[in-house]
Each structure stands twice: as structure tokens, then as C-alpha cells.
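Asks: Per TrEMBL, the feature topological domain 'Cytoplasmic' maps to 1-9, 62-67, 162-173. According to TrEMBL, the topological domain 'Periplasmic' annotation covers 27-44. Per TrEMBL, the feature disulfide bond maps to 36-39. Residues annotated as transmembrane segment in TrEMBL: 40-59, 66-85, 143-163.
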């Protein structure tokens, strides 16, 4: 397998991530939707995912580096999917199961330990329960989950192509 298809898939993932990141910023600044803490965490994972795929598309990595970029990319997508699942579960749970109201991500990073900030994110906040926007009857966390799952499928496809092409290569003596 040539490296061009791998670079193309990394570039495709970069474009998808960049467009999704742009849409999230539009919803925040253009549509005045204030993101909750879990939304901000998803955005961090999305930005990391996008930058990793951009680096992989520009760098022209060798086969071993393709695996590393792919694992890092899929790791970010998996973490984003986990936070999106948590938010979807919070939105579908009873209102009294949400945590207390917490300050912004910036405040938490400056004033709490990283562990405390992550614990509060996992517990969720009142802001994370609100459904302020839907498209085709899906909330933003549900769209985020679909995106991250799609990117995980893209990454798994790339890994399966790499593994199958490696098996087809003749052994060197």
C-alpha cells in the first residue's frame, strides 16, 4: 500500500475535524450558545484530533509513524466520544442527577487541580444537562458523539488497510 491513501485519510480527518471545530466556534460566537464544561472538553479533544491529523497529512510519515499518528488520533476521538456519551447520558437522566453549577473551564484550570477539574467534568454540571440547540432532533452532544464515532470508524478502516497490506507484502530475505 502506498502512503498516499494514508495521507489522504489523515487529510480527510483533518478537514472533518476543522469543519466541526469551526461549526462549534460559530455556535458559540455566532449563535451565542455558551458551551458547558463537557462541551469544552470535547472541543479540546476535537482540536487535538484535528492537529494530529494535520501533522500526519503534512509530515508524510513512514509505516510505523502512521500507526502512531493513527493511535493518537483514535485516542483523541475515543476520549471525545466518552465525554459526549457522558453528556448524552446526563441529558437523558433525571434533572436531579446533574451536579452543581461549576464555573468556566478557564477558572477551573487556574484554581483547581487537574484531577478536581476532571472529576467535576465526569460528574457533569447543570449546564451540561440543558439542550439549547438541536438539528434533526439530535442535540449537540449527540452530533459530537456521531462525529467521534465516525472518526473512530475511519481510523479503524485505516488500521485494517495497513494490516492487510502488510500481510500481502512478500517477506524479505
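Every residue, even glycine, has its Cβ placed from backbone N, Cα and C.
On a predicted model such as this, the values are computed, not experimentally measured, just so you know.
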Asks: At 10 angstroms around each C-beta, which of the disulfide-bonded residues 36, 39 has the fewest other C-beta atoms nearby?
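Replies: Comparing Cβ neighbours within 10 Å for the disulfide-bonded residues 36, 39, 39 has the fewest.
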Asks: Of the residues in the topological domain 'Cytoplasmic' (62-67), how many are helix, strand and coil by DSSP?
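Replies: For that range the per-state counts are 5 helix, 0 strand, 1 coil.
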Asks: Could you put numbers on the helix, strand and coil content of the topological domain 'Periplasmic' (27-44), residue by residue per DSSP?
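Replies: Residue counts in helix, strand and coil order: 12 helix, 0 strand, 6 coil.
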